[in-house]
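Since the structure comes first, as structure tokens, the remarks are kept for the end.
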């Protein structure tokens with residue numbers, strides 16, 4: 001299920017575009033997540049009160065959290081699958097503290113793909129989309145395996 005060197009290069013090339021504005025990309029990813037899957041908003045006490053897209057866009061906390069999420073993901077992607085050290089604490093907190101189901105990680109993966117498609121169409125063609133989907137699936141599978149070790153049925 002691993003990615004080839006060429007696939008990782010496609011992933012990291014488009015991720016370079018994300019790094020020009022991590023917070024902006026992260027905010028847009030979270031807005032898409034919450035709009036597409038409103039049930040996910042219930043996991044975020046800090047954002048539950050945000051009902052409209054305008055409220056979400058105006059929230060500095062949402063932007064800050066988007067930055068946190070995509071910064072962590074960027075660090076994981078740069079490990080090209082050798083991300084055990086990064087995955088372990090993330091799985092621990094998301095299983096025991098936040099109780100985030102793997103399904104929600106699928107939802108945010110979809111949102112990431114959609115944001116990259118809309119913001120970087122020239123750098124995110126079919127090959128790059130397939131590579132990113134594969135990288136995000138690898139991440140989710142590894143998180144799910146850690147969840148299982150922790151006894152979390154997410």
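Any Cβ shown, glycine's included, is placed from N, Cα and C.
The Cβ neighbour count for residue 65 (nitrite binding site), using a 10 Å radius and every protein chain shown, is 18. DSSP gives residue 65 (nitrite binding site) a helix state. Positions annotated as nitrite binding site by Swiss-Prot, on the basis of similarity to another entry: 65.
Per Swiss-Prot, O2 binding site is recorded for 65, and the stated evidence type is similarity to another entry.
In sequence order, 100, 143, 147, 154 make up the list of same-chain residues 6 or more apart from residue 94 (heme b binding site) whose Cβ falls under 8 Å from its Cβ. Positions annotated as heme b binding site by Swiss-Prot, on the basis of similarity to another entry: 94.
Taken from Swiss-Prot, the feature domain 'Globin' applies to 2-148.
Counted within 10 Å of its Cβ, the other Cβ atoms near residue 4 (phosphoserine) come to 10, all protein chains included. Mapped onto three states, the DSSP output places residue 4 (phosphoserine) in coil. As annotated by Swiss-Prot, phosphoserine applies to 4.
In sequence order, 26 make up the list of same-chain residues 6 or more apart from residue 68 (phosphothreonine) whose Cβ falls under 8 Å from its Cβ. For 68, the entry in Swiss-Prot reads phosphothreonine.
Note on the domain 'Globin' (2-148): its mean pLDDT in the predicted model is 97. Annotated pair residue 65 (nitrite binding site) and residue 4 (phosphoserine), C-alpha to C-alpha distance, rounded: 31 Å.
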